[in-house]
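Below is one structure, written out as structure tokens; comments come after it.
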Amino acid sequence: MEAEQRPAAGASEGATPGLEAVPPVAPPPATAASGPIPKSGPEPKRRHLGTLLQPTVNKFSLRVFGSHKAVEIEQERVKSAGAWIIHPYSDFRFYWDLIMLLLMVGNLIVLPVGITFFKEENSPPWIVFNVLSDTFFLLDLVLNFRTGIVVEEGAEILLAPRAIRTRYLRTWFLVDLISSIPVDYIFLVVELEPRLDAEVYKTARALRIVRFTKILSLLRLLRLSRLIRYIHQWEEIFHMTYDLASAVVRIFNLIGMMLLLCHWDGCLQFLVPMLQDFPPDCWVSINHMVNHSWGRQYSHALFKAMSHMLCIGYGQQAPVGMPDVWLTMLSMIVGATCYAMFIGHATALIQSLDSSRRQYQEKYKQVEQYMSFHKLPADTRQRIHEYYEHRYQGKMFDEESILGELSEPLREEIINFTCRGLVAHMPLFAHADPSFVTAVLTKLRFEVFQPGDLVVREGSVGRKMYFIQHGLLSVLARGARDTRLTDGSYFGEICLLTRGRRTASVRADTYCRLYSLSVDHFNAVLEEFPMMRRAFETVAMDRLLRIGKKNSILQRKRSEPSPGSSGGIMEQHLVQHDRDMARGVRGRAPSTGAQLSGKPVLWEPLVHAPLQAAAVTSNVAIALTHQRGPLPLSPDSPATLLARSAWRSAGSPASPLVPVRAGPWASTSRLPAPPARTLHASLSRAGRSQVSLLGPPPGGGGRRLGPRGRPLSASQPSLPQRATGDGSPGRKGSGSERLPPSGLLAKPPRTAQPPRPPVPEPATPRGLQLSANM
């Protein structure tokens, strides 16, 4: 090599001045490169074999070591530990353990049968199986001295040869050595087995029982880390979750262990009489099965063992000899233990598959006991049951604890996903900064309200605002028309902005799923995002103006300049959407009621309170008798008023709507659809009723009537709506008397008070109302 390289170098030095000497430079690299081929041939194979002994980068190694860098460090540790050191998480060790596991299970099944039912084991298949098993067990014994050991206590891996040897000699070496003695090799070499007498033969057969100690080696292979590795690989194949895979593996391991114990017990039932040369009182001699085939002997022995283990009998007959008695007791003890273990594991497995539903059932049992202890009425219990069903839907989680254990980015991702429906339907979040949306969502609390619940009570101190995920709610303000809120709306922010009291009541009309934001979290978020405070204040002021109220704090803040043009555009979008939503829900309100016919009806809860409704009907008749108006069959008669106002009464939120026939005078008139007046009754739970008779549209005369049908003056304060006697515009009404938050109607005071100044709204019909207390 040096002789060839030196002339090439000299030629290149001499050819430097001229260009003709450049081509001869090319051959030396080829000659130099072709020289080391014989030495570099085994290097790729050795390198490939070395990678098989090292941990590879996969999901399992990343889970164990944490990162790619940690895996590379572990690979360097294997290289520096010495030659032929096998890492316990390497691919070679994984496949070797899998082969040994299968071979070991085969030995645990085949060896008891061969020892028990076969006297001559010189057949070629039996010899091949024994020799192959002994060879693999001896190789496994040698490889264990070069395989790293996982120290469970310190979560480290021993790779030093001296440390591996010392620890293996102190733990599993003796068991592996005894179970790996090549008895078949000894018999084949010296050919001792044919010349053995009976005692030597029995001794040799007893030595074969030592193979059962390989059960302890099975425990060594079934370490937790390897089980997790198998589970993860099966997850990728069958696309199963970790809980389902672990549950299936646990139940299969338990069933396999019980079947293996039954197999061993059956072989033991026949082995003991065989070692005693089948005494006359043993079950084999009694059943005359000494010379039967091994298949029939094994079947009867297995049936006898399973009968004992399952505690269903003694098999074909009760034990007679003392060895059979002791074997029966042993089988019963083992069977009872396995049965208890199986029941315990199966129960724990079933409970772990649906722990959230089990937790909900346990919680609801406590609720039932609580209701029984306090003797709550049946309707309250039903409401509590329905609340739990809608709130938890059969599953209960400790959501705060689960989210609190996660990292902040993962927690925000989960909250954004679970609240995606709320964000999609709410323009406030659609036009806001994503950081603001995330800040709000992480502080929300989920709540459920039932139909009829007052979410917000007028005049109370506000400590929360609410975002509607699903449901329909009504805003009840004194002297103002109802406003409906549905998915994507929010309410309760006015008192948080002004630090005052609630300006209106909010009632749930359906089951509502809301998210609440406390005042502390509300102020903390708005301090971080001042532009969103401006948006909340703009919408709040517009809502107050729509119900005829004002707030000096909001007006003063409204007069301040806006932070930017984008904020003003967003405020306009929010205000317009809020108005459109209120207008749209009111337009859809009549469709939520019952379908009306052309006949005049009264809407009243007759099904739930027939006696109260009958009393109300009597009061209606009295009111109609004292009404100063045209004849019953004229266009302005009470029958005409009832028929024309049927569709308006369907949208009234005063009470549940049930149709009732108005009277015999209603069947003789066919009336047009446009309403002129509305007559309906509203009942509270306390037994009080209210009858309202609304007058014609603005421009027509109308007079208010008292409880006895007498005309009232405009200054009488017993009516919630104000109207002048000459038909001038007054305060708008919704077509029905608003129930106070308590659900009761107060009696009208007898002392006159000055009337409130009217707020002209000609678009809203005025009405004359009559209140009758039952």
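Using the three backbone atoms N, Cα and C, a Cβ is placed for every residue, glycine included.
Pulled from Swiss-Prot, these are the features on record:
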type	residues	note
REGION	1-48	region 'Disordered'
REGION	46-91	region 'Involved in subunit assembly'
TRANSMEM	98-118	transmembrane segment
TOPO_DOM	119-124	topological domain 'Extracellular'
TRANSMEM	125-145	transmembrane segment
TRANSMEM	172-192	transmembrane segment
TOPO_DOM	193-201	topological domain 'Extracellular'
TRANSMEM	202-222	transmembrane segment
TRANSMEM	254-274	transmembrane segment
TOPO_DOM	275-297	topological domain 'Extracellular'
INTRAMEM	298-319	intramembrane segment
TOPO_DOM	320-329	topological domain 'Extracellular'
TRANSMEM	330-350	transmembrane segment
REGION	682-774	region 'Disordered'
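Cβ atoms under 8 Å from those of the transmembrane segment (254-274) belong to residues 108-109, 112-113, 115-117, 282-285, 297-298, 301-306, 308-309, 323-324, 327, 331, 334, 338, 341-342, 345-346 of the same chain, restricted to positions at least 6 beyond its ends. Among residues of the same chain six or more beyond the topological domain 'Extracellular' (320-329), those with a C-beta under 8 A of the stretch's C-beta atoms are 268-269, 272-273, 276, 279, 281-283, 286, 308, 314.
Listed as Cβ neighbours of the transmembrane segment (330-350) (distance under 8 Å, sequence separation of 6 or more from its ends, same chain) are residues 247, 250-251, 254-255, 257-258, 261, 265, 269, 305, 308-311. Residue counts for the region 'Involved in subunit assembly' (46-91) by DSSP state, with H, G and I taken as helix and E and B as strand, are 29 helix, 3 strand, 14 coil.
Taking Cβ pairs closer than 8 Å, the topological domain 'Extracellular' (275-297) reaches residues 113, 117-118, 202, 269, 304, 315-317, 319-321, 323-324 in its own chain, all 6 or more past its ends. Counted with DSSP, the topological domain 'Extracellular' (275-297) comes out as 9 helix, 0 strand, 14 coil. Broken down by DSSP into helix, strand and coil, the topological domain 'Extracellular' (320-329) contains 8 helix, 0 strand, 2 coil.
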